[in-house]
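The structure appears right after this line, and notes come after that.
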């Protein structure tokens, strides 16, 4: 299962509703950049599921995904939404295949199953989603054009060590990688995909075995490196001048991190000069870590908050699959981010029966109103069922609370006696 709740502090009740549709452990999740209510999950059960979280959060456990995407033959360890095209989702599995889905129709439109001969460690889209880069167990970093289904560039032994690598695209099109040297020292490197013979920069950091997970902010060009099992976050600025990767500082804490999450820019508090917020996973809790730039003025700081990627998609899925590219649509954070209304994710499965011969057109026209009425009746019934379920859960809660109150009253009476 996965747990989705509003940002809050304190313990979460054991009976809190979960999102539970997978039959195996969930290995990766990714919030949709164009709809704050939609989340995708990849699992050991070889499927990808896309979920619509109700606007006001969960009151009952969610067991029905909007769509189940089946196409991998082994567990799915990576899911990543397209940065600019609506309803385009990438998944990568232990079958060494990358599948790109049109979530709006529930179809696999691109299957890259012969490019990787070994396990894929991570996949990253570039700024406009025209290319992807991957890091693999065979020590290669590949740059792939998914629509042409060809490898544009690759580097063998980007890092010589046997431990896992990570590779991400930067806003300027360069690639940033983390990995290990032959002597098991942790390394970071910067590459130009047009010439991957030699790195633009290569730095050795320390000898720890935690894999370095990079989190990148394209607005400030800062990369935060969180080592798995480390208790620190190091951050670097990427510039056009030597040494290209500039060390800024280290945030240290006492407890090691099991994993990390990264808040999108529009979720930050611009009045407090917050430039990054992490969610650090401990063994038993999730802790927010807030990075702020100390400024005396209360005014909006333009240099810290250039226009950032907004929630509106620049392209529809069909346009991207046809070959169009578009940069993210930017928004200003000057007056803070006010979330708009999210539209529901609708999946229209393509039906073979839709391609009927033209002869049936007349009868179709006669049946159309009847079909529409049937559809709206079904929708109304579903809504009614939902409302009745909610009412039942509210009644149950009230009954439980009544019982609890009467028990407490009895205990109080005993104490008073």
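Heads up, the Cβ atoms here are built off N, Cα and C, so glycines get one too.
Look at TrEMBL and you will find 19-61 (among others) tagged as repeat 'WD'. Within its own chain, the repeat 'WD' (19-61) is flanked in space by residues 1-6, 67-70, 72-81, 83, 86, 89, 91, 93, 101, 103, 264, 309, 311-313, 339, 342-345, 389-390, 393, which lie at least six positions past its ends and keep a Cβ under 8 Å from the stretch.
Here TrEMBL flags 69-111 (among others) as repeat 'WD'. Within the same chain, residues 24, 27-34, 40-50, 117-120, 122-125, 127-129, 132, 134, 144, 146-147, 149, 309, 313-321, 325-329, 345-350 sit at least 6 positions outside the repeat 'WD' (69-111) and bring their C-beta atoms closer than 8 Å to a C-beta of that stretch.
Per TrEMBL, the feature repeat 'WD' maps to 113-154 (among others). Residues 77-78, 80, 82-85, 88, 90, 92, 94-98, 100, 160, 164-169, 171, 173, 175, 177, 179, 191, 193-194, 196, 218, 320-321, 323, 325-328 of the same chain sit 6 or more residues outside the repeat 'WD' (113-154) yet have a Cβ under 8 Å from a Cβ within it.
Tertiary proximity for the coiled coil (377-411) is limited to same-chain residues at least six positions away from its ends with a CB under 8 Å from its CB atoms, namely 59-60. Taken from TrEMBL, the feature coiled coil covers 377-411.
Secondary structure of the repeat 'WD' (19-61) per DSSP, as helix, strand and coil residue counts: 0 helix, 19 strand, 24 coil. Each residue in the repeat 'WD' (113-154) gets a DSSP state, and the totals come to 0 helix, 21 strand, 21 coil. Helix, strand and coil content of the repeat 'WD' (69-111), in residues and according to DSSP, is 0 helix, 25 strand, 18 coil.
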